[in-house]
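Q: To start, I am sharing the structure in question, which I have written as structure tokens.
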């Protein structure tokens, strides 16, 4: 079964949105198989956002993601990367549809509540970066028969 990585950023955690966001994920039928509330080290932030290291906003991005706790998650389900991206919405909250996490809660491109892997390859890389293998669980949902 496919896995993806989602992270509620410091603005989402600070606004008390963890429960609402997890509720939306679970209501969709997606299984949370790993989760942790944590502070992000500068090294982890720089590695995670390494593809943006030459961009002018890189320093602000690292500063923001290390400014408060994040809620990191591993999600599992059929086609979960694409479904996760749909739930998250577009990077710019102003362009995100109502009903998406960013459309409903995001304020700016820089403070857009949540990160979601954009491909299966990115998900695999991000999960390995943020989670140890033993932090990812395997279990059955009683609703699996109706969802899958």
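Placed from the backbone N, Cα and C atoms, the Cβ positions cover glycine too.
Heads up, here are the entries from Swiss-Prot:
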| type | residues | note |
| --- | --- | --- |
| ACT_SITE | 115 | active site, pros-phosphohistidine intermediate |
| BINDING | 9, 57, 85, 91, 102, 112 | ATP binding site |
Q: With Cβ-Cβ distance below 8 Å and at least 6 positions apart along the chain, what are the contacts of residue 102 (ATP binding site)? List them in sequence order.
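A: Correct list: 88, 89, 90, 91, 92, 93, 96, 112, 113, 114.
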Q: Among residues 9, 57, 85, 91, 102, 112 annotated as binding ATP, what is the maximum Cα-Cα distance? Answer in Å.
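A: That value is 22 Å for the farthest Cα pair.
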Q: How far is it from residue 85 (ATP binding site) to residue 115 (active site, pros-phosphohistidine intermediate), counting Cα to Cα, in Å?
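A: Taking the Cα atoms only, residue 85 (ATP binding site) lies 9 Å from residue 115 (active site, pros-phosphohistidine intermediate).
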Q: Of 9, 85, 115, the recorded positions given in the record, which has the fewest other CB atoms within 10 A of its CB?
A: 85
Q: Helix, strand or coil by DSSP: which one applies to residue 91 (ATP binding site)?
A: coil
Q: Name the residue among the binding-site residues 91, 112 whose Cβ has the smallest number of other Cβ atoms within 10 Å.
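A: If we count Cβ atoms within 10 Å for the binding-site residues 91, 112, the smallest count is at 91.
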